[in-house]
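As recorded in Swiss-Prot:
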type	residues	note
ACT_SITE	C65	active site, nucleophile
DISULFID	C89-C186	disulfide bond
CARBOHYD	S29	O-linked glycosylation site
CARBOHYD	N51	N-linked glycosylation site
CARBOHYD	N78	N-linked glycosylation site
SIGNAL	1-22	signal peptide
Amino acid sequence: MATHHTLWMGLALLGVLGDLQAAPEAQVSVQPNFQQDKFLGRWFSAGLASNSSWLREKKAALSMCKSVVAPATDGGLNLTSTFLRKNQCETRTMLLQPAGSLGSYSYRSPHWGSTYSVSVVETDYDQYALLYSQGSKGPGEDFRMATLYSRTQTPRAELKEKFTAFCKAQGFTEDTIVFLPQTDKCMTEQ
């Protein structure tokens, strides 16, 4: 009887370990010595990856958007994005509140009522930034998203390769990674 119980426990443990190995990393690193003042200014969303079904459903209709990062009064960041939706420019602002180390923020979604962590994983401040967001939309609905921001509308091929490698390391598959096409709409200063 003890041998039978041990066998089942061993199989259960192997199953748990197998799931742990297959799961994407829950923690991502943050840009060392993150300098928030250098991160401010205009960025373009050049790439996205997400485990959310909306990306697969809407990715053909998505296009690049312009985002402006400005300091918030609480030491966090205001991330204001302007994008094309139903042939009109729409603007949304997210307040990223400081959450621990520099480069780590939290965001409370008014739509979902959930709080997400947002990390600046890597940036050179002049050309690109890799951001990673994670949280939960509800019970059992984990949400993960990686974003490639570029200072220009035409990021270099090496940056796209870097973003793809980062996404795959986080468990995203090719069909969940999209590079957003350029658009002339909603990109001018307003």
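Cβ atoms are placed via backbone N, Cα and C, with glycine included.
C65 (active site, nucleophile) has C186 as its nearest neighbour among the recorded positions S29, N51, N78, C89, C186, going by CA to CA distance. The glycosylation sites shown are S29, N51, N78; of these, the one with its CA atom nearest the CA of C186 (disulfide bond) is N78. The recorded positions listed here are C65, C89, C186; among them, C65 has the most other Cβ atoms within 10 Å of its own Cβ. Counted within 10 Å of its Cβ, the other Cβ atoms near N78 (N-linked glycosylation site) come to 15, all protein chains included.
Taking every protein chain shown into account, S29, N51 are the glycosylation sites, and of these the Cβ with the most other Cβ atoms within 10 Å belongs to N51. DSSP classifies C89 (disulfide bond) as strand under the three-state reduction.
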